[in-house]
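Notes for the one structure printed next.
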Amino acid sequence: MAVSLDDDVPLILTLDEAESAPLPPSNSLGQEQLPSKNGGSHSIHNSQVPSLVSGADSPPSSPTGHNWEMNYQEAAIYLQEGQNNDKFFTHPKDARALAAYLFVHNHFFYMMELLTALLLLLLSLCESPAVPVLKLHTYVHATLELFALMVVVFELCMKLRWLGFHTFVRHKRTMVKTSVLVVQFIEAIVVLVRQTSHVRVTRALRCIFLVDCRYCGGVRRNLRQIFQSLPPFMDILLLLLFFMIIFAILGFYLFSTNPSDPYFSTLENSIVNLFVLLTTANFPDVMMPSYSRNPWSCVFFIVYLSIELYFIMNLLLAVVFDTFNDIEKHKFKSLLLHKRTAIQHAYGLLASQRRPAGISYRQFEGLMRFYKPRMSARERFLTFKALNQSNTPLLSLKDFYDIYEVAALQWKAKRNRQHWFDELPRTAFLIFKGINILVNSKAFQYFMYLVVAVNGVWILVETFMLKGGNFTSKHVPWSYLVFLTIYGVELFMKVAGLGPVEYLSSGWNLFDFSVTAFAFLGLLALTLNMEPFYFIVVLRPLQLLRLFKLKKRYRNVLDTMFELLPRMASLGLTLLTFYYSFAIVGMEFFNGRLTPNCCNTSTVADAYRFINHTVGNKTKVEEGYYYLNNFDNILNSFVTLFELTVVNNWYIIMEGVTSQTSHWSRLYFMTFYIVTMVVMTIIVAFILEAFVFRMNYSRKSQDSEVDSGIVIEKEMSKEELMAVLELYREERGTSSDVTRLLDTLSQMEKYQQNSMVFLGRRSRTKSDLSLKMYQEEIQEWYEEHAREQEQQKLRGSVPGPAAQQPPGSRQRSQTVT
């Protein structure tokens, strides 16, 4: 098998002999010992880890090198399971399961999952009721659906082969997916046989295929947090509905005697209109009939909105926010301890019989070939040195606990010179040195802030002076040329003073470069009268964002916003999955119901009215336009659901559908509002939690520490480099590894250096911030976790090595979960 070329999928079954030969034991750079029986399963914090090789009581049935290769691979699997938060009971139990595991955990399989799920979702564009231009014959879309479902069957078969039947049926999400698959399969066959579509509400369940994809892990986490937040949410929601019903009964008795008040004529109307009033969509319309009869009736509505909208709704957000904080902290704790357990298992597999107290470099290198296949030999050695805080030949378990953080570093040689222009002739050096001092000075930075502020005011004044949308001037404004020239000079001065590499390493500099480049393109569009590209000119105000760097609070807001973007994307996708499910249900029940003049007998008839009449010689059309908000196809349904999410006049759509169907249709719209309210509340709570967390961390840390990433500096001596190079030459390492090591050696010899310094960099993650925020509690978590492992061992939850097993199999992995 060829080596995988992606760090996200580091696990491979065998190594390509032409590219990466195994590194069996030798006497160089950390002499290798025989792996301990059953995969070196020493008691590491009271946890024993079986291996993929033979049982504990039987001698290894394969060469020592093969035993170590299997240990390296299984240790890498444990690390991957810890990183992905995969439960250890899904660990492959034999060679057959291992092959399936490796097939399931690669990007080809992930892409197959994703594309199949997208195909099933996109079929709703072609199935009845279809988008007119995309409509397909029943035979075609049913065949495509069966093909996609067969691919899902293949995916589940591979997971069954990996997990085994007992574990497969214990996996709840997989069983839900299997159940939906069976229902979808039966329906697709029925449609294909009948050659016509029927009511298929179960299509709303297709989202499970997308949610189960590896690439949609963020969506699964969001759904899990939504379900975890439901208990307190439901408590407050029941309180809200309780007060709503009390006020509905009170309103019915107070206002039903008014014949001109349609809002409280029945108890059902009272409940529905007070529910709509909670969203303020029908206020003050709902109050006016009773208010016209008795001005004191406004007290009823004021008290209702004060309790329901301003107190209970905000209480709902507060409760969800508090629950969300607890969930985030518990999630961090669980993942931290899960990773710690995975590291303990991996360490046990890498410890040898003769040296159980640590991991030699050779063992570590064998692990990294499976865990990080794209990592070069030089980077592996630097990673080993960065982990080895005790500066001993062996890597202790305490050092190995940092494997996840250190393995993510990107290593580059530290430049010997401070600036890019240090080796230039003296005259040029002095010029560029002066430019460097200038662009790094506070005066230069504040001058540019002043220019940006003046530019913003100028753009605002120009915009106020424009009339009738006539902003496509035939002439280039002189102010445009002046400010663009200043920005261009700033750009060239920074590139000259800092150097291209250092300049482009800053996110703000990249932003400045992008905005300046767009401004230049806008100048070309104006000069050449390229009307289709005039929109580029509108991007000029983006320069004003640079002013956010002036104030620390603004920087925190922007940093939080950028940190939230990936998570917000997953939250948006989560909301879209709910949209899809409700859109399918809406199409099945309300398709073709909303048409022009459809609701003439309802209270919202004007919103759906379409009248064509002639006044003199002109034909006048009066349209209510709300008939466009329908469920005739999936695209219209998404637009309609978004309008319902905004809640402005959403009751008009609800009443229009109700007038054409039944009063029970209101349950669909009310349920959708409650579901979107849950998701939106979670989104708001997430934003609040992230911002508060960032602000609290900023108070505890230096500002520069927050803004900068993580940097580790390590020195590699010439002797160490020669030893690593000799190791790879003797053991027939990959040609690329040897070449890179030789390049490093030649660079040392060129500059007559005995050592070279390397910098390992990575961005600071939420996990890093959490480690510092909770550092006082983390040690208590570790001690509690160790006690739990000890208790589980005493209770016999971690059995001893199994009896002799056939070659190629191993005992079930018993781990602490």
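Just so you know, glycine gets a Cβ as well, placed from its N, Cα and C.
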Candidates ASN388, ASN470, ASN600; Swiss-Prot annotation N-linked glycosylation site sits on ASN470
In terms of membrane topology from Swiss-Prot, SER197 and ASN629: same side, yes or no?
yes
Any residues 6+ beyond the ends of the topological domain 'Extracellular' (288-298) with a Cβ under 8 Å from its own?
254-255, 258, 260-264
DSSP-wise, what's the residue breakdown of the topological domain 'Extracellular' (257-263) into helix, strand and coil?
2 helix, 0 strand, 5 coil
Restricting to the topological domain 'Extracellular' (655-671), report the mean pLDDT as a whole number.
91
Six or more residues out from either end of the topological domain 'Extracellular' (257-263), which same-chain residues have a Cβ under 8 Å from its Cβ atoms?
269-270, 273, 282, 286, 289-290, 293, 603
At a C-beta cut-off of under 8 Å, are there same-chain residues at least 6 beyond the topological domain 'Cytoplasmic' (159-172) that contact it? List them, or none.
89-90, 92-93, 96-97, 100-101, 104
Using Cβ atoms and a strict cutoff of less than 8 Å, what residues sit near the topological domain 'Extracellular' (655-671) while being 6 or more residues removed from its termini?
268, 272, 275, 582, 585-586, 589-590, 593-594, 598-599, 601-604, 607-608, 626-627, 644
